[in-house]
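Quick look at what TrEMBL lists:
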DOMAIN    1-163  domain 'Cytochrome b/b6 N-terminal region profile'
TRANSMEM  36-57  transmembrane segment
TRANSMEM  69-87  transmembrane segment
TRANSMEM  93-111  transmembrane segment
TRANSMEM  132-153  transmembrane segment
DOMAIN    164-235  domain 'Cytochrome b/b6 C-terminal region profile'
TRANSMEM  183-204  transmembrane segment
Amino acid sequence: TGLLLAMHYTADTNLAFSSVAHMCRDVQFGWLIRNLHANGASFFFICIYLHIGRGIYYGSYLNKETWNVGVILLLTLMATAFVGYVLPWGQMSFWGATVITNLFSAIPYIGQTLVEWAWGGFSVDNPTLTRFFALHFLLPFVIVGLTLVHLTFLHETGSNNPMGIPSDCDKIPFHPYYTIKDILGFVLMLSLLASLALFSPNLLSDPENFTPANPLTTPPHIKPEWYFLFAYAIL
């Protein structure tokens, strides 16, 4: 979906918002692709948080290499979702980018330099949007690489189980048993995603983001997407 959206998206502060509107209104099935892409991020995070919950419950954090690569993966995923959220260039996109990037200014000595380097100027503007678009396109490839590293470490230790005892004699072939289970899980998640995208596509969206970005008007409540709320609460 991202590749199809990238064909019609314009990474320019004057055109980004209208290019997303153009996708939804004028491109054949553009509205569906955009809704699947936007809500797909939420479903991705649902799967990730379920995976983390399972890992904590089964004590998978004891396999330090696998767990640490998983933490790096989570941070990379969050970065990808964040830069993607900025791209539509609505009010919440702009102010979300401003607030989050400004957090780096709290770093002593180099903070302000770091923020201006990330912005590509003295405020969130065209260079910021261009580089965020590039990052949003490139980071998924980094995620694929990290996933392979994650799986390599997992094969060394073996996946955890309710017994907590890794035993070779109890193992069964992945195919067909888990292939069927995974396909069923994938079909279920895809059905739920399609239902959300078709029947209530804006359920998880912020109404403020349907207004073009305006640096002179601050929204009354700047809050992130639901999957960042745990970090927002800590902040």
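Each residue's number is its place along the chain shown, starting with 1.
In case you wondered, yes, glycine gets a Cβ from its N, Cα and C as well.
Nobody curates TrEMBL annotations by hand; they come from automatic prediction.
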| note | Same-chain residues at least 6 beyond the ends of the transmembrane segment (93-111) with CB under 8 Å of its CB atoms are 82, 85-87, 118-119, 123-124, 128, 132, 209, 213-215, 218-219, 222, 224, 235
| note | The correct DSSP tally for the domain 'Cytochrome b/b6 C-terminal region profile' (164-235) reads 39 helix, 1 strand, 32 coil
